[in-house]
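Annotation source TrEMBL lists signal peptide at 1-26. Among the features that TrEMBL reports, Mn(2+) 2 binding site is placed at CYS171, GLU207, HIS231, HIS433. Annotated Mn(2+) 1 binding site per TrEMBL: HIS173, in sequence order. Residues or ranges marked as domain 'Peptidase M20 dimerisation' in TrEMBL: 255-347.
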Amino acid sequence: MALMVPALMQLVLLFLVSSGRRASSASSFFDEDILLGSAFRDASGLISQRRERNGSSGSKSSWGEGGWKEEILWLARRPETVEWLKRLRRRIHENPELAYEEVETGKLIREQLDGMGVEYCFPVALTGLVATIGTGGPPFVAIRADMDALPIQEAVEWKHKSKVPGKMHACGHDAHVAMLLGAAKILKIREHHLKGTVKLLFQPAEEAGIGAKRMIEDGALMDVEAIFAVHVSHEHPTSVIGSRAGPLLAGCGFFKAVIRGREGHAGNPHHSVDPILAASAAVISLQNIVSREANPLDSQVVSVASFNGGDDLDLIPDSVIIAGTFRAFSNASFYQLRQRIEEVIIQQSSVYRCTTSVDFFEQERFYPPTVNDEFMNEHVKKVAIDLLGPENYKIVPPMMGAEDFSFYSEVIPAAFFYIGIRNETLGSTYTGHSPYFMIDEDVLPIGAAVHAAVAERYLIEHG
Ligand SMILES: [Zn+2]
Ligand SMILES: [Zn+2]
């Protein structure tokens with residue numbers, strides 16, 4: 001497919017890989033991926049040369065206050081950096097790991113950070129880690145990437161297709177990791193410009209297991225006053241940034257209710273307690289929560305997506321299971337929905353003499369709304385426009401999808417933004433979680449640059 005590496009490039013890569021390889025006793029599938037050390041040293045040297053050519057040196061050089069855009073973009077777009085980013089992303093893509101299983105992905109990240117001389121704390125949230133770059137003192141700002149893949153069989157036929165049957169990076173988290181490593185590289189080179197400390201959060205288990213919550217519980221946000229994250233989006237052309245202030249992604253919860261009655265012959269229903277009737281009444285009543293109780297201007301959803309009970313035409317079953325999902329764009333509405341779903345199912349069932357338990361999977365799949373802080377969103381917008389031009393920034397509408405980044409945005413000012421990966425020529429037009437999902441890898445250097453710039457400029461403005 002269109003994302004193949006040209007043959008000549010492969011030869012160059014092969015040479016770079018073998019010449020940059022470190023002695024390592026670890027035997028992972030990432031072993032050969034130690035390009036960074038030499039590329040990093042090259043970049044530092046070249047920057048010094050360019051500073052000298054510009055007639056300045058140190059933090060007051062033209063690469064400092066005035067020249068930050070040029071240097072960040074230059075660092076990100078160097079051919080060595082671009083190839084390194086693609087290589088990282090392809091390695092991760094070929095070896096997808098599900099929630100809390102990101103062992104090899106984490107090893108790759110640590111190898112790369114070691115090569116850059118970046119310090120990190122590991123493990124955090126089981127398989128995650130937090131790297132730090134900067135002065136070591138306040139202010140602290142965080143940028144985050146998620147690392148996990150999905151239990152999906154990849155349907156895209158290309159050279160770097162997933163090697164693990166039934167697992168795929170179908171949400172672009174492989175790209176997120178590569179972009180955050182790219183940002184680490186840029187920030188490390190520009191560390192003398194940082195007016196505080198950047199924490200880089202490599203988070204496990206976004207798709208399941210709410211890894212963000214566990215990162216917070218393990219202290220990842222300690223001293224951090226603001227956090228940012230980017231997600232690839234097939235809805236925007238490659239490298240176009242999109243965001244909005246306020247609610248961006250819905251809160252998303254799931255429920256499963258077991259409604260218990262008493263089994264009995266269907267011809268003599270008075271000898272049974274009918275959970276089918278109770279569950280049916282509960283399903284009807286659930287529809288009234290949004291239509292009768294919610295403000296019509298406050299978008300909310302309750303959907304029953306599963307109804308199971310009985311398999312005998314002549315027998316009223318002992319129990320029925322109903323299950324579904326609910327969404328809302330404010331914390332108040334989201335937690336209100338959770339409470340009302342529980343009340344309606346339990347009380348409606350009791351009308352029909354049934355007993356009910358409702359599970360909300362709150363330790364696995366329970367995502368509050370992602371709400372962008374007005375000032376943090378403005379910061380992203382300003383940096384994106386400064387770096388990429390106004391034509392490459394868009395205000396986007398809210399979406400019914402969900403993200404566990406919301407746990408961070410509940411705690412500190414935060415902004416979550418999109419970066420486009422849509423390229424009709426390549427065919428990167430499928431939504432996340434599709435087996436046909438693919439990205440335009442040209443996004444990688446720009447994503448790294450935006451991440452780095454968002455963090456660096458935050459510290460310049462608040463340090
Ligand atoms: Zn996803
Ligand atoms: Zn995702």
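Keep in mind that glycine also has a Cβ here, set from the backbone N, Cα and C atoms.
Shown on the structure are the features that TrEMBL records.
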residue	record	Cβ neighbours (10 Å)
CYS171	Mn(2+) 2 binding site	22
HIS173	Mn(2+) 1 binding site	28
GLU207	Mn(2+) 2 binding site	21
HIS231	Mn(2+) 2 binding site	25
HIS433	Mn(2+) 2 binding site	13
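Listed in sequence order, the binding-site residues among CYS171, GLU207, HIS433 whose CB lies under 6 angstroms from an atom of ligand 2 come out as CYS171. Closeness to ligand 1 is met by CYS171, GLU207, these being the binding-site residues among CYS171, HIS173, GLU207, HIS231 whose Cβ falls under 6 Å from the molecule. The Mn(2+) 2 site, placed at the center of the C-beta atoms of CYS171, GLU207, HIS231, HIS433, has further neighbours from the same chain whose C-beta lies within 8 angstroms: ASP146, LEU150, ALA170, GLY172, HIS173, GLU206, GLY432. Broken down with DSSP, the domain 'Peptidase M20 dimerisation' (255-347) shows 39 helix, 31 strand, 23 coil. In the three-state DSSP scheme, HIS231 (Mn(2+) 2 binding site) falls into the strand class.
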